[in-house]
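I have placed the structure first, in the form of structure tokens, so that the comments after it can refer back to it.
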Amino acid sequence: MSLPHLVFTTQEIRFIEQEHAAANNGHCFDLMEKAGRAVFEAMRQVVAQPKMVYILVGKGNNGGDGYIMAASLLKQHIPFRIFAVGVPHHEAEAFTAFSYFTQLGGQVEYELPDLQEEMAQGRSPDVVIDALLGTGLESAPRDPIGKWIDFINSTKAYVIAVDIPSGVNADTGTVYSDSVMANKTVCMLGLKPGLLTGDAVDYVGEIVVCDLGVDVSSYHGKFAAADFDGASYLPIYLTNYEETLGDLPVRMPSAHKGDAGKVLVIGGNKGYGGAISICAQGALRAGAGLIKVATDKGNVTALNTRRPELMTVDLHDSLAMQQAIAWADVIAIGPGLGLDPENEVLLENVLNAEKPTVIDADALNVMAHMGLSFCKRAVLTPHPGEAARLLGTTIDRINSNRYKAVYELQQKCGGVVLLKGAGTLICDGKSIVVIQEGSPAMASGGMGDLLTGIIAALRAEGLSQTSATIAGACIHGRAGYLAGELSGVIGTIASDLLPYVRLLVNQRLGLIAKLQNQAQVSEQLTFVDTSKSRSDRELSDNGEFQVLIGSSIIHS
């Protein structure tokens, strides 16, 4: 699987800067110049001729970028005001930028204006540049920075953050109480992990990546040999649906149902039949050849009425379960399983079978109660609450550093771990992959059950543990995006995604492109060509996908 989009921690960025400085007489001022100009160009792409630009700068290198940006505005005769919390240290490169700006005749102000008065006089900004804090932030901003952040957020201007919004942790994505809400973030040298996951995704806006003329593609190899405080190095990548296409299953003309794999899905205890139904349908639409559903007898009639293609097994019949486990190529366990004491024995039997397994929902809670098992052939798909139970910690601790959490889970459990949430993370012990897919439309019950079925099907169709998890997450997230964009993010349910899952796993790129070409949605990462979609669509009662193009209906 191709994973070209590199993500760099603050320590790694420091390493790159140090190497650059070593090759340039100990200086990185050329990078600061390029960064300032990159922010200027990013602004011009949004507002070609702003009426007034405010630039708020700190004392560090982030502020230095702001001074270079101000110099560009000065040269272009664009109205602006620059406000600084103080003068940079005389030996810092930010001071060189400060001196350059003032020598051009630039004036620096050290107190913020009365915004209400500025608005009343028609002098309020239409663009604000946040150059207060950079990537080194490790705790909540203190005053006066906190007040300056509040000032930025109180404007009605378009806000551009330099490298990262002030108040957001660049490594973890932690959003402190005072944090800038940016419309756009211009990220220097490479993506920072904190921009891509957790609460930070609500604060970064559109992300523009500027490499500043530095070839960063070879640096992950260098980091592998570097000593970062004795910690083991784990590269971080960003990927999306398009980058999984080479791994998706392809059917040969002679293919039969046995070639597509046999999946056993286990769950749906009394009163929880919906979860296992969604999981099984996800496996069907993702291409599994044969599917057995081990569930409570009370769910069978509804299940077979909805999907007669599914075979059923009595969840409480130990002999039938033993035979079903032996039959399966891949097992998915957890959706709607419940927390009955006998489920510990069931989970042990599944793990002892040593077959490719996807463990989700209640099966994860059973595992937490039993104590973590090392299951190298399993894919675990916890949300933050389940991850907290598995690690014996709190949800807040999980969300405070999702990268650390997914890594710790993988180290304790083995196999592959997928941590759900905004900016889904996948760790196989060799790398962490951030999934650049998804939508707020997916904030409803059953979405995780659907993901479990998709991953199980792809595993049954021959994808490796890691590839099936990454591709499954990308298909799932893109399907949610398409469903939300075509019908609205509010009210989308898990079964709405099924037609899109089928389209995506079949790589029906032509039809998908017709949807994407009608979209008017801004992309979040400008260097990644991911989907944009908006179209009228109808979904028939039997789940057939129909796209209304003009006056004709194209069926899939």
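Each Cβ is built from the backbone N, Cα and C atoms, and glycine gets one as well.
The domain 'YjeF N-terminal' annotation in TrEMBL covers 13-220.
The Cβ of A275 ((6S)-NADPHX binding site) lies under 8 Å from the Cβ of G267, G268, P335, G336, A361, G446, D449, each of which sits 6+ residues away along the same chain. In three-state terms derived from DSSP, A275 ((6S)-NADPHX binding site) belongs to a helical segment. The annotation (6S)-NADPHX binding site is assigned in TrEMBL to N61, N62, G63, G64, D65, D163, A275, G336, H383, D449.
Note: S166 (K(+) binding site) has non-local neighbours G58, D130, L132, L133, L137, P141, I145, I149, I152, S179, V180, i.e. same-chain residues 6+ apart with C-beta under 8 A of its own C-beta. According to TrEMBL, the K(+) binding site annotation covers N62, D130, S166.
As annotated by TrEMBL, domain 'YjeF C-terminal' applies to 240-508.
Under the DSSP three-state reduction, A422 (AMP binding site) is assigned to coil, being neither helix nor strand. Summarising the environment of A422 (AMP binding site), the number of other Cβ atoms within 10 Å of its Cβ, over all protein chains shown, is 18. As annotated by TrEMBL, AMP binding site applies to K420, G421, A422, G423, T424, G448.
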Those binding-site residues listed as G63, G423, and which of them has the most Cβ atoms within 10 Å of its own Cβ: G63
Per DSSP, three-state class assigned to S166 (K(+) binding site): coil
Three-class DSSP secondary structure - D130 (K(+) binding site): strand
Overall pLDDT for the domain 'YjeF N-terminal' (13-220), taken as the rounded mean: 95
For the binding-site residues H383, K420, the one whose C-beta sees the most other C-beta atoms within 10 angstroms: K420
Recorded (6S)-NADPHX site residues N61, N62, G63, G64, D65, D163, A275, G336, H383, D449, farthest C-alpha pair in Å: 55
